[in-house]
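Undergrad: I am attaching a structure below and will ask some questions about it afterwards.
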Amino acid sequence: MDNQQSCIIFPLKLLFLYATEIRHRIHSLHHTTDALNVKQDSHVCASPTPIFVYENRKLAPDTLVHSYRSFNGFVVRLTKEESERMKGLDDVVSVIPNRVHSIQTSSSWGFLGFPENVERTKEESNTIVGVLDTGIWPNSSSFSDEGFGPPPQKWKGTCLNFTCNNKIIGAKYFRLGGEFAQEDMISPTDTIGHGSHCASTAAGNHVSNANLLGLGLGTARGGVPSARIAVYKVCWTNGCEAADILAGFDAAIMDGVDIISLSVGYGEVIHVEYFKDVFAVGAFHAMKRGILTSQAAGNSGPNLYTMPNLAPWITSVAASTIDRKFLTNLQLGDGRIFQGISVNTFSPAQKSYPLIYGGDAPAAGFSSSTSRFCDENSLDGAMVRGKIVLCDGFSSSPYVGFASGAAGLIFTDQFVAEVFALPAISITASDGKSVFSYLKSTRYKTFLQSIKDHTLVMYNFVQFNPAATIFKTHEGKDSSAPYIAPFSSRGPNKVTPNILKPDIAAPGVDILAAWSPISPISGVKGETRVTNFKIASGTSMACPHVSAAAAYVKSFHPNWSPAAIKSTLMTTATPMNPALDVDAEFAYGAGQLNPLKAVNPGLVYDAGEYDYISFLCAEGYGSRALRRITGDNSTCTSENTGSVFNLNLPSFALSTPRSSDNNVTFGRTVTNVGSATSTYKAIITAHPSSLNVQVLPSVLAFSSLGERLSFTLKIEGSINADLVSFSLIWDDGTFKARSPIVVYVP
């Protein structure tokens, strides 16, 4: 057994090799005996399986896993030693490990002021939303093609092991490593539910009486219900691998989608340089083809610097609340009632249940320090069976399972309303202390008894059993909405501190949308409840709202670039309240999505491939690193090296030491898309007197549509606070284009 075979038998990482113009320079690679040689016959494009020779040694036939089409790269199986040697070869510009990523898991459109009867164009039916996710459930009413005509003529996609219709016009799956879990269905069919939820939020049909076992009853619909859906299944039971994600990008680009919706991201807080970031690479190539990528910001909040998706050509989406809230009541044996949150479809089968603390019931092999969190198998079934268990903190449903037969769970961290496999509730930490105090104090009641002669005092200890009841969830109103969910990842931007992230916020809490009925609604294997709709929370749910809004804008402006669409979404966003979100723009970006206003922004900040290359060169990327992103022969020269402060974004960010004196000038160019003849005046909102902020010129006079005018924004002075934010508003009396300005201490 040689080294390669050994590595195939033992788990190997797949590696994405990003080779410079691999398709057009095969001859030069073939003649490089010290490099990875790709030998093909003269019919280069027709040959699907190149033969790989490495250091004059023919590699195993299955070394090549996949070859991408829209960008120059391929996936191969290599040993660790081979991959390390590859990194130094002239014709291999990048080697990216095939990391496993994770999915980032409807009155929301009404809450955004975007009713179903808004003005729409016929072009919406020709708009195609590409969804890279867990697939789709084809039999859902959300994806019926009733009333739809044939797919747009521009469509080049196909359906693999899947029956499409005129709503779902494309469906493919990718598992280049070839490893499937028992639960996986080897087709684009969704066995997890996440992809169906996201696809229907973006472009699902109008479905009346949608609900989750009676909860959330109403109409479910996507933001662009007339749009078509193309599905690329890149996520499976065991996660989403980098090579599959790139394959999904590749196929979506070649098939001709208009928008890519990506509710997938890193499963941990990680900050990766753009040329090593599979999402940045894929989205860059989509941008080159005029395709906007909307991506979930991540679910690693609420701390700062928890956002991993930072490339400026990606629209990063934070999760905000809506005014609907799912509330659950907890009643203790002494009659006190506490209100918490959860999505609990169970009604209590008896008046009350014994109450026990998880830390007092560790299973064999576990300590109280573990069982107090109620993680799966950590609780002693004999002690908790039929009882409600008080747990420290919060654990997501898949991590607690059926909780060793407990009758219910009480979590003491109000993180998010979630569906569990048993009755459950999340209460505040303060209420949790009250419940814990009740539980401990009612274990034994102490009575003082005096003997008749008054000479002897005896203490009698009488045991009382603490009890509790968790009631079925009911709906309530959240008058404080919108604000950012605690789980939503926050900025600042760790890779490029002077670029604001996230970009925008959209509803991502308690969203009702389509679900795969073969997927357990609690995420726990053995769950028996079946539903076609589910209430879910996450930046995964926020992302398709922005994807749909982008598709809506594109249906009115088919020729707008991804940057122009991103600009209009941001400059028309509704400002959010920093009193509710102390991290301000690092929590919500430009603010809450406003799809209706986004169609007519007045001005847009446009950018293209050249602008991003200029930015990357300014950030110190050499030509070699640059090509790892662009996939072509781009180089950094004195002519194309710009500045991060001049990248034409609809936001401004300045990272500065505390009390340091600043003198920074941002350069921007805006394009008139409002009225042909218009005059915009610059308005700077309130900001600290320690900062001097100037816009030059302060008036922009346009004489035609499409005209471009430039201006500078200069910031002088210092700050003593951690974060200062305000806005630049260009106002012509009809349109207002607002851009956030953030000055902060890293």
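For all residues, glycine too, the Cβ spot is worked out from N, Cα and C.
As listed in TrEMBL for this protein:
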type	residues	note
DOMAIN	47-101	domain 'Inhibitor I9'
DOMAIN	125-590	domain 'Peptidase S8/S53'
ACT_SITE	D133	active site, charge relay system
ACT_SITE	H194	active site, charge relay system
ACT_SITE	S540	active site, charge relay system
DOMAIN	646-743	domain 'Subtilisin-like protease fibronectin type-III'
Undergrad: Using Cα coordinates, what distance in whole Å links H194 (active site, charge relay system) and D133 (active site, charge relay system)?
TA: 7
Undergrad: Report, in whole Å, the straight Cα-to-Cα distance of S540 (active site, charge relay system) from D133 (active site, charge relay system).
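TA: About 10 Å separate the Cα atoms of these two residues.
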Undergrad: For H194 (active site, charge relay system), just count the other CB atoms lying within 10 A of its CB, please.
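TA: A 10 Å sphere around the Cβ of H194 (active site, charge relay system) contains 27 other Cβ atoms.
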Undergrad: Take every residue in the domain 'Subtilisin-like protease fibronectin type-III' (646-743), average their pLDDT values, and give the whole-number result.
TA: 97
Undergrad: DSSP helix, strand and coil counts for the domain 'Subtilisin-like protease fibronectin type-III' (646-743)?
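TA: Counting residues by DSSP class gives 1 helix, 59 strand, 38 coil.
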